[in-house]
Amino acid sequence: MAQSMMSRLIVCILGLALSSLSVNGRPATFSQDFRVAWADSHVRQLDGGRAIQLTLDQSSGCGFASKNQYLFGRVSMKIKLVPGDSAGTVTAFYMISDSFNIRDELDFEFLGNRSGQPYTVQTNVYAHGKGDKEQRINLWFDPSLDFHTYTIFWNHHHIIFSVDEVPIRVYKNNEGRGIPYPKFQPMGVYSTLWEADDWATRGGLEKINWSKAPFYAYYKDFDIEGCQVPGPATCASNPRNWWEGAAYQQLTPEAARRYRWVRTNHMIYDYCTDRSRFPVVPPECLAGI
């Protein structure tokens, strides 16, 4: 009797799990949430649309975009970056609003390198049209050997850029001190692979070696959880959204420890300390970003 009850309980639990999986359906296939934005011939779907390949050659780069826009939430992708001599290439994963002059934007930019050098990740934040908030870190692994998860988390309290769940940047909401924060404009999700050898590697000193082309970057496990726009008007302000919960309003002690480790050991540039560009410290830096 006990064994029969246990069997029914296991079946019930499995059924609930499968039901939940079918409702959430994550991670999505490429075509569920995304479309090719430019150079269709350079974007190739793999594994039944569960992964894609982006190509850069001398004729073109390429990019894709989400079919919808979102206001707050979490976006993540697994990316395997261009291997070998990738100097002068940029693989970007970012969110951006439609209104360019007063745009909001959250950027991951992966800057290619000469073989054997660390891969540099640049992050940037635009709020109400004002950017110039670059930070750069050198990754502590080779991101071209395997897929790694890159995440943008965005709620009313802060924006967190993470690599394999390790925070590499936190941008806090300091509206109370008069500092703009991306809060009102929905943003689409984009990714591109393109030529930027005028600035990407060592400030443009290292140019693309086209004999190594074509260059490839790979993506899979596309995951978007947020308030889709257009959608229910109250979604973005709903404090019951999971990403607005108390557990997500500040870093956990372990995440804070990892964040300090990244900043201490892997940060190579922070606009907050660049006095040649900013003789007066930007106000958000004083407020504690």
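Using N, Cα and C of the backbone, Cβ positions are placed for all residues, glycine too.
If you look up TrEMBL, you'll see 1-25 marked as signal peptide. Residues annotated as domain 'GH16' in TrEMBL: 21-219. The annotation active site, nucleophile is assigned in TrEMBL to Glu105. Look at TrEMBL and you will find Glu109 tagged as active site, proton donor. The N-linked glycosylation site feature in TrEMBL is assigned to Asn113.
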*Can you tell me how far the Cα of Glu105 (active site, nucleophile) sits from the Cα of Asn113 (N-linked glycosylation site), in Å?*
25
*Near the Cβ of Asn113 (N-linked glycosylation site), how many other Cβ atoms are there if near means within 10 Å?*
24
*Sorted by position, what residues of the same chain at least six away from the residue listed as 'active site, proton donor' have a C-beta under 8 A from it?*
Val90, Thr91, Ala92, Tyr94, Val121, Gln122, Thr123, Asn124
*Tell me the Cβ neighbour count for the residue listed as 'active site, nucleophile', meaning other Cβ atoms within 10 Å of its Cβ, over all protein chains shown.*
19
